[in-house]
Amino acid sequence: MLNRMWLSGAGYRVFSLCLFQFLLLVVQDCRSERTNVGLIYENTEPDLEKIFHLAISRANEENEEMQLHGVAVAIEPGNSFETSKKLCRMLRQNLVAVFGPTTNLAARHAMSICDAKELPFLDTRSDFDAQLPTINLHPHPATMSVALKDMVMALGWESFTIVYESGEYLATVKELLQMYGTAGPTITVRRYELDLNGNYRNVLRRIRNADDYSLVVVGSMGTLPEFFKQAQQVGLVTSDYRYMIGNLDWHTMDLEPFQHAGTNITGLRLVSPDNEQVQDVAKALYESEEPFQNVSCPLTNSMALVYDGVQLLAETYKHVNFRPVPLSCGDDSAWDKGYTLVNYMKSLTLNGLTGPIRFDYEGLRTDFQLEVIELAVSGMQKIGLWSGEDGFQANRPAPALSLEPDMRSLVNKSFIVVTAISEPYGMLKETSEKLEGNDQFEGFGIELIDELSKKLGFSYTFRLQPDNKYGGLDPKTGEWNGMLREIIDNRADMGITDLTMTSERESGVDFTIPFMSLGIGILFRKPMKEPPKLFSFMSPFSGEVWLWLGLAYMGVSISMFVLGRLSPAEWDNPYPCIEEPTELENQFSFPNCLWFSVGALLQQGSELAPKAYSTRTVAAAWWFFTLILVSSYTANLAAFLTVESLVTPINDVDDLSKNKGGVNYGAKNGGSTFTFFKESNYPTYQKMYQFLTDNPQYMTNSNQEGVDRVENSNYAFLMESTTIEYITERRCTLTQVGALLDEKGYGIAMRKNWPYRDILSQAILEMQEQGLLTKMKTKWWKEKRGGGACSVSV
């Protein structure tokens, strides 16, 4: 009775409530099932994984019902096999989408697999050939080409050079050329990455010699920083040149070395540092409360596009609830909801880190804006906006207050110039008179400063560096030394000698454009006459000819012996008085046959006269052969005696690195040449650096010490080619061996951000154009101080 009442009353209510709560938990559990999203990234870009997980975390905070879960795997850059292997493994984890790698080869493999499995593939690259299940968040390359064309037109360039990195950028170059057709400006196209191990100077020199001052540069962030560094070294980063950069990540470069060169560098960017979302994400990503600056924008396009792609996917899943399925690369399985999900994503509109995200009917990114930015002395500044609808809209900020005119002029200014003794750049005059001040110095560098002072109207005082060190950064103390320390500490305004422009030195001081271009060369003694050899008489013929001659000699001798034995006419009666002899004699015994053949070969005869037709035929053929042979030998011998045979143990840097002929080598301690080998990644140069560090006894404290060693021992000295040229004009037993190892320049050093650098650079450029620097070099290299002594070979 009581049990019936419990079931029909309160117990029934409790049971119903528990059942309802259980069903609610089941439904909630089903709704909160994790949705996996994949990311394949190169291990050189760890920030992509960070922002990927940050985006997923932010998306999950806004939508608790649907939880995204990131599955990220790293690959070696461009490794398509590893990409395929790891993606196939990821497909078993019920993915709804995959973010692909940023290198083209790996991304295309991943895209192909996703296409076969009908799985959404979110791409952050600039790609012409996107496949059906791909959502490319990057602006289409054709649109980028339109933007570049509009900017070139806005800048009013009547001619320009397109400089591109490699074949993957040819599509962009082709689009630009097709837009202009044949009626537009004069366009030159050059490729700067020619598999030269990162050396672009040859191409850059051709650009400089072509006198084209407007350049559109299209390349990757892997090469652009080095491109501009080398462009600065060869004199292409000056106020005369204008650049338009076709890479949306170029603002992430360290542009401080080019900031004060006066070069007009303009480019586009998709990620705006003024965007509050960008600032918020950057602070969260790098855990920094520092205000976000234009110059130090850390977010690359790929990072921002991955973040936007995750937000787009999360927004899509607010409206759909497609269940992913495990897939396998080993069968024909595919996700039947993949194309539907892609189409739904393309129909949405979202505001992200890269601005409005909207796609047209072809699935291409549309209605986005690009900021036009320019490098100024104060840093990056926005000068306008570009959009597909409105084109370029200028919005240049008001110019900052410029320095007063007299602050920019060098007229009546007085400077202290520090120098070091180094022929022929800075030397003490050879005179018996007592000289003081500037009068005691002479040389190429001294004359250069004097010519600049006449041209620009300033006065100067030379001061000699006491320790004669040019200057470098001490790795132990972190302090600068030598001439550069004098400039940094404001004890001198400028420094001039054979001072090489290097990246290390440019981190402490500024340089003018190079007043002289050069490279590292090998100084060695001239080839010597080869001592005579015992068997030098065999030189006119090769060893193979001598071998065949020996075989012919033996063959003829054996033939004469055999034929002499077989021919009755060669058998003689040794005693003519006996009419019927019992024994006959044959003159062609084997030793006599050998003697007959060698006598003919040496054209001396042998007193043996063949009698039979067969032996006479062989003898005649042999005599004719020896006639031709001896004539050829005599002619070749005369040529060999006329031409001197010179021998040198080394011919290039590869021979030197292997210590061929027992030749040791060295360089000046603490100089830019030694630093070059230290910082080089080329295997041969790394091997040479190891040799130099393991054998400090071959290093010298001055160039003069190295030159003396070359003259007096089996030793080669590594030094600048211009100095080698100066030395070989005076020391006739020395020469340069092989090609130059690198390319660089000498510049005038000054402290950072010195306001007169551009004026001095402009004056040096004018002196180059007038041929004045060439005349000065001829004077100090070939005329002064014993120059020209080796003009005639001795």
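Note: Cβ is positioned from N, Cα and C throughout, glycine not excepted.
Look at TrEMBL and you will find Thr500, Arg505, Ser672, Thr673, Glu720 tagged as L-glutamate binding site. In the three-state DSSP scheme, Thr673 (L-glutamate binding site) is classed as helix.
According to TrEMBL, the domain 'Ionotropic glutamate receptor C-terminal' annotation covers 414-783.
The domain 'Ionotropic glutamate receptor L-glutamate and glycine-binding' annotation in TrEMBL covers 424-489.
Per TrEMBL, the feature signal peptide maps to 1-32.
For Ile650 (site 'Crucial to convey clamshell closure to channel opening'), the same-chain residues that are 6 or more apart in sequence and have a Cβ closer than 8 Å to its Cβ are Ile522, Phe524, Leu656, Lys660, Gly661, Val663, Ala716, Val737, Gly738. Taken from TrEMBL, the feature site 'Crucial to convey clamshell closure to channel opening' applies to Ile650.
Per TrEMBL, site 'Interaction with the cone snail toxin Con-ikot-ikot' is recorded for Lys678. Lys678 (site 'Interaction with the cone snail toxin Con-ikot-ikot') has a Cβ environment of 13 other Cβ atoms inside 10 Å.
The transmembrane segment annotation in TrEMBL covers 545-566 (among others).
For the transmembrane segment (620-641), same-chain residues at least 6 beyond its ends with a Cβ under 8 Å from one of its own Cβ atoms are 536-537, 539-541, 549, 552, 556, 597, 600-601, 603. Annotation comment: TrEMBL describes 620-641 (among others) as transmembrane segment.
The domain 'Ionotropic glutamate receptor L-glutamate and glycine-binding' (424-489): residue composition by secondary structure is 24 helix, 13 strand, 29 coil, according to DSSP. Mapped onto three states, the DSSP output places Ile650 (site 'Crucial to convey clamshell closure to channel opening') in coil. The Cβ of Arg505 (L-glutamate binding site) has Gly471, Gly472, Leu484, Leu499, Phe511, Ser672, Ala749 as same-chain neighbours under 8 Å, each 6 or more residues away in sequence. Counting only same-chain residues six or more apart in sequence, the Cβ atoms lying under 8 angstroms from the Cβ of Thr673 (L-glutamate binding site) belong to Ile520, Ala667, Leu718, Met719, Glu720. Residues Tyr470, Asp498, Leu499, Met501, Thr502, Gly671, Thr675, Phe676, Lys744 surround the recorded L-glutamate site, their Cβ atoms falling within 8 Å of the Cβ centroid of Thr500, Arg505, Ser672, Thr673, Glu720, which are themselves excluded.
For the pair formed by Thr500 (L-glutamate binding site) and Lys678 (site 'Interaction with the cone snail toxin Con-ikot-ikot'), distance between Cα atoms is given as 15 Å, rounded to the nearest Å. Across the residues the record lists as binding L-glutamate (Thr500, Arg505, Ser672, Thr673, Glu720), the two Cα atoms farthest apart are 17 Å from each other. Across the domain 'Ionotropic glutamate receptor C-terminal' (414-783), the model assigns an average pLDDT of 86.
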